[in-house]
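Quick look at what TrEMBL lists:
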type     : residues : note
COMPBIAS : 407-418  : compositional bias 'Polar residues'
COMPBIAS : 463-479  : compositional bias 'Basic and acidic residues'
DOMAIN   : 64-125   : domain 'Peroxin/Ferlin'
DOMAIN   : 137-170  : domain 'Peroxin/Ferlin'
DOMAIN   : 819-880  : domain 'Peroxin/Ferlin'
DOMAIN   : 891-924  : domain 'Peroxin/Ferlin'
REGION   : 405-488  : region 'Disordered'
SIGNAL   : 1-17     : signal peptide
């Protein structure tokens, strides 16, 4: 997981950050300002400075924040002078916005604040609906407003063209003051508190934030228009409240709580996509009548509060449907403030010690957590600590300078149950020397040397505890059994229901005191440094800090150096000596083995071969009709010959009319073992060349996920052993992805791309790699990148296995955790009738009222499950507003009938409508992949290199498209550093969807509107090129993907048509025209030999129809670049393939081709 940061403000107004991967507080780069409090997200931080003004800190990123300004030039034709700017009085402005209602001259468009800068001057946009316009960018129509066309007609009386200009946000890694309105009378009051959230509001567009603030006069303000393209927002709007507010907290979703001066809390209701400011307020009473609420912090489904007596409270029963919750629960500890961050993790600032605390044990099932633990990270420029056990801070201990007791009972305390070492240490008796230490005051309990226990000796006081002095116990009392930590009544959670204070004896009501009452970390007593050496905190914000439940952090211990003896020993052993010792030991073992075996070589082997059998009970999808799952017994028999060669046979025993029969599969004939996407069973399939041609694999289903993983790992290992395939894939391997997200590789042989003895691709052997991806891209130098369904980028580490492949089927290193998130979509369909309007009662011939996108399969909210049993739901159902065609404010799309062309507005003849619902699910696995943070990607392309490439000293060219449509170029990619070093942003006029770089540095890309572009002058010395050239798309087609080989360029449109770009020459790399090659194609990949592989949408076999089949284009030659036919391989269920690393070709075929046609040059 990539590192994120925790933000905090000390008592002097200095802002610090603490990384989840670090151990030291780092002072913010811009230290000119002093702040009161901050509110952070993953990409930015908002703060209130000591001048009560609002500032924004945007973290630096390799992808700039760009915003496009548009203006339209309008002209009308007249008989005298042709088209001119002299318009009719009823016409729009000569220079206007897209609607024509607002006057918008080019010199009147100004930057919104000093923190922006122009990228370039105004220029004409010559792209219209994915097609290039005529020179000048004019589009024509009969009148304003009307439907515009690219070409001029005889009745074209008006025309317009679009001028665009980009501005870039330049205030990065610095505090930028948020501008106010021009009129001083309308300025908001000076602000007292601020909170940022709302980035995960249900159905909210990605990148939008909700910024709320409270003024010194108790008014609540909302910042309008804050989003990723506009990080500063536009203006402040006032939100009326029933009382004077003092503090506010906004969660990632739709929770918003406000604290009032009277001690009550306000809860905002009605927050949604269409109304992010909400609609009404509800009042929540404080936990007690004596002490009102002073501070509140909210998360996704939790609310924490601090009352005026600094007690910590947790609100129970909070969710999106009930934002007010049900009741209060008191927690152990006394805090100045608390803050709820990502994943509902909680931080706080102690009341007396002013230390930052982290709430441990917070999980989705236990949102209140278990214990508070102090963060003992130092500053980046601090002196190194000695690590002495006499320092409470260095020991990370919760002991104070005084232990207060009430009677003979001890109160339950918090303890961290995550460390067995600490738990063991707490069971040791306390040394008597530590009780009489001259360093501790009389009656204090100080930890002994070497003690690492983290505990809070939190004694119970009487219920009243009002001014009564607690006597310090004598040393004799400490030496008793009751004082030993081993007998303390530990507890895992510190919840207390609110209750009235009654007059009972002090010994009958033990009450846990707060952390601050212990006198934790008394300043100047335990540390020899001054008060300034220990940071005193005033505020903490964790909304940008991602801490997964159970993750290991380095914040709670101060690591001291090694002892001198250990340092001396480690420094005396050099790596060269270690390598020499290993080599010597290996040689001695080899010689001893030879001596021992030499004396027995003349004996015959007692056992020439061995047989190993594994049996089990599974289910089998029978080959005959009616097809159904039947219970069978399977047996895997593995033979080992005297030469060490292994071969295996899988037997499947079944019953037919009470007669026992079997079928067998030789594992050396199996071409792939693939898990099947099934929401009800743990199933997988076995393919052989014959069953691949029939499109009818052997399908088996195990009872549990563990059984399926065991069988998959065993069968895969047996297949690899029979084919003598071990270890990591070769650099020229072919990679592919199934629709389930599983990753497969195949080792190419020289005959795979040969012209004389062509190897059928249904005989290729595929083995599974660990991990889960949506797409993969490879290079012949061993660099492999992948992208998950959640747009996370991953780089291959060089290992193999992971996931369900453990032991011998997996490498022992380079295996890392991996997760992926995807959405499941269903559709709500309705038909209009004159009585009730739109309702869920359709015609008998209509589709299901809850269905999939095709309407052929019924899918309800309750009946829809995750894609397979490996996925788990991580969200509720929400309306998806990002469907093609647009939606109305409620998410509906309208059409005349099912199925038809849908649009986002209602017309007179629209009798049906539909609405898309989505729900997110998550998968957790492992594999040889490392995350490349922090930019999410939508597509990636690595340059394919031929075997005779002489430029291997250069870095490997890698281009990508971000999830927002930005074009990026990765710098520093090489065999030793496959992840690269940094991103270089390439400017574009519109968002892109696909990019591909060829073997000769020819870069092609496809925009989201379906238009194609070529990037000119890309080279190793100029990796970004110079400009884009607009390439016309095929007639009436919108392109979705492009792939470039050595000289060939192929593109795919939204209707599954495959196109070849003809006329490409070194002097004219843009080509001349598109030529149709085939239809029924889902994905295309062109390799360094200009070989063409695709994923076909439908392939008919002798037994079944398969969707998602790997196919290869045959007959591809320099004089026949489009090829002649298709060779069908493995399938179905495949979704992606990459052959861009395969430059393997037969020696005879290569030499003959070079003799006949000569070398191919770019």
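Heads up, the Cβ atoms here are built off N, Cα and C, so glycines get one too.
Outside the domain 'Peroxin/Ferlin' (137-170), and at least 6 residues removed from its termini, the chain residues within Cβ reach (under 8 Å) are 58, 64-77, 83, 91-92, 99-100, 106, 109, 111, 115-126, 128-129, 131, 231, 987, 989.
Mean pLDDT, taken over the domain 'Peroxin/Ferlin' (137-170), works out to 91 on the 0 to 100 scale. Broken down with DSSP, the domain 'Peroxin/Ferlin' (891-924) shows 0 helix, 18 strand, 16 coil.
Counted with DSSP, the domain 'Peroxin/Ferlin' (64-125) comes out as 3 helix, 24 strand, 35 coil. Residue counts for the domain 'Peroxin/Ferlin' (819-880) under DSSP, helix first, then strand, then coil, are 0 helix, 25 strand, 37 coil.
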